[in-house]
Amino acid sequence: QLQKDLEEVKELLTKAARKRVRDVLAAEKHRLEMEIKNQPQPKPKDAAEEEKSSLGGYTVKINNYGWDQSDKFVKIYISLNGVQKLPAENVQVNFTERSFDLLVKNLNGKNYTMTFNNLLKPISVEGSSRKIKTDTILVMCKKKREEKWDCLTQVEKESKEKEKAAYDTTDPSEGLMNILKKMYAEGDDEMKRTINKAWVESREKQYKGDIPMDI
C-alpha cells in the first residue's frame with residue numbers, strides 16, 4: 001500500500017507546477033521512502049511449509065516397514081523401489097528426542113512420507129542417521145540408553161498392555177474364553193465354523209454329564 005502511495009506522489013510531482021505544491025509533495029515522497037525503508041522484512045515461510053509447496057506430484061503416506069534393534073540402535077527398514085537412484089538430498093529424515101519423520105521427494109513422480117511420534121524411549125538426535133540401500137531406506141535411531149525396546153512407540157506399548165490385561169485373568173477358563181472370542185471375531189468363515197462346532201460339542205458333553213458344568 002505504501003509503495004502505491006509513493007508511486008502516486010511521484011507522478012503528482014512530475015505534474016506539479018507551483019513551488020509550494022512541489023515542496024509538499026517532495027516532503028511526502030521523502031517520508032514515504034523512509035517509512036518503506038524502515039518497514040520490517042516479511043518473515044520467511046516456515047521451512048516445512050516451504051518444503052511442501054515446492055514438492056511436485058502427490059504425496060503417499062508410508063505404512064509398511066520392518067524393524068529390529070541392537071544394543072545401541074533401533075533400525076527401521078522402509079522398502080521403496082528405486083530409491084537408490086535419487087540424489088541423496090531427496091531423502092530427508094528429521095529427528096527429535098522422541099520422534100522422526102521421513103520425506104522422500106520425487107521418486108517416480110511421487111513423494112513419500114512417514115512419521116513416528118512418541119517413540120518408546122528417547123533417542124540421540126546427533127547420533128541418529130539414515131542410509132540408502134538398494135530399494136530400501138534404513139533409519140538408524142541411536143538409543144540414549146542401551147536397553148531393549150519392546151516396541152517402537154508408546155501407543156504400541158499401551159495397546160499391548162490392554163490386550164494382555166484382557167487375557168490375563170485369575171480364572172483360566174475366562175482367559176481361554178477371551179482368546180476364543182478374539183479368534184472368532186478375527187477369523188475367517190472356516191475358523192468360525194470350527195469354533196462353533198467345538199462350542200456345540202462342548203455344550204453337548206456338559207449336558208450329558210461328561211464335563212462338570214461350572215455354574
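Cβ atoms are placed via backbone N, Cα and C, with glycine included.
Lifted from TrEMBL, the feature list:
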- 43-52: compositional bias 'Basic and acidic residues' (COMPBIAS)
- 60-153: domain 'CS' (DOMAIN)
- 138-215: domain 'SGS' (DOMAIN)
- 32-52: region 'Disordered' (REGION)
Let me know the model's mean pLDDT on the domain 'CS' (60-153). 94
What does DSSP give as the helix, strand and coil breakdown of the domain 'CS' (60-153)? 6 helix, 56 strand, 32 coil
